[in-house]
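Asker: For reference, Swiss-Prot lists these features for the protein:
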type	residues	note
COMPBIAS	82-94	compositional bias 'Acidic residues'
COMPBIAS	110-149	compositional bias 'Basic and acidic residues'
DOMAIN	215-259	domain 'PCI'
REGION	71-149	region 'Disordered'
MOTIF	181-195	motif 'UFM1-interacting motif (UFIM)'
TOPO_DOM	22-298	topological domain 'Cytoplasmic'
TRANSMEM	1-21	transmembrane segment
Amino acid sequence: MDIVLYFVAVPILIVLIVSAVKVRGKTEEDNHEARQEVAAQVVGRLQAEEGSNRLRRRRNLNRMMANRMANSAYREAADNDSPVEVEEEYEEAEQQSQATGKRGAKKQKKLEEKQAKRAQREAELEEREERKRTQELREEERRKEDKKERILEQRQEEEELRAKEEQEKREEEEYLCLKQSFVVEEQGEADELTEQESQNLLQEFIQHIKDCKVVLLEDLASHFGLRTQDAISRLQDLLSDGSITGVIDDRGKFIFITPEEMNVVAQFIRQRGRVSITDLAQASNSLINLIPEIHNTA
């Protein structure tokens, strides 16, 4: 009987022990979870308090920065703006230092916009000054170029005037030499003509050549009481200064050719291209009028 009770009691005791162990483990687990939950709540409260403190510190820092910016804006306005603008910005700075939250941000934005407009005005002013300086430099360069061109033109005019004066002087000297060379021989002595007589004789010399069209140089010299060589020299001088135009052939004749006839001959040569002396001589009879003006007048 005792043995039976023993075998019955042992399993029951084992079951009770196992149950007690499980209950104790669950209790410890519940206690651990409870401790973790309490710890999490504590950490949450600490974080919330830290966030609140951080927010307060940030607000204080923003307020401090707003005060500094307001003071700086006031000092800058006092240096650059008019008294009215200084007063306005001072009032804005005072309001900014007292404003908080959304109202303070709005005032800060307004002040920043005003500063941005001022910076834009300064940039536009600097740009206008730069354009003005550039325009002044361009005008200065243009004035220098104009002055240089005027100097060059003046020098060129002076050179042309000097060359013209020299040419006129040279022509005058040649004319005087030619005029003084005409002399008449009377009783074996050469008497110098007056200026008017020399000029008249020169014009008569030229007109005689034009009227004859073709004249022997010996006859020309004899007609004016000159030596043949002197007549040739005077004729060459007249050809050089353009008083008459023509050619001296190899037979001692001078053929007077008008400028118009010269142009006709030149056109004939250009049309033919290559022209021989024979062809030119044959064509000259039709291109150049060789009939004396005296005969034509008659």
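Positions of Cβ are set from backbone N, Cα and C atoms, glycine also.
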Asker: By DSSP assignment, list the helix, strand and coil residue numbers for the domain 'PCI' (215-259), in that order.
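Answerer: Counting residues per DSSP class in the domain 'PCI' (215-259), I get 21 helix, 9 strand, 15 coil.
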Asker: I'd like the per-state residue tally for the compositional bias 'Basic and acidic residues' (110-149) from DSSP, helix first, then strand, then coil.
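Answerer: Secondary-structure composition of the compositional bias 'Basic and acidic residues' (110-149): 40 helix, 0 strand, 0 coil.
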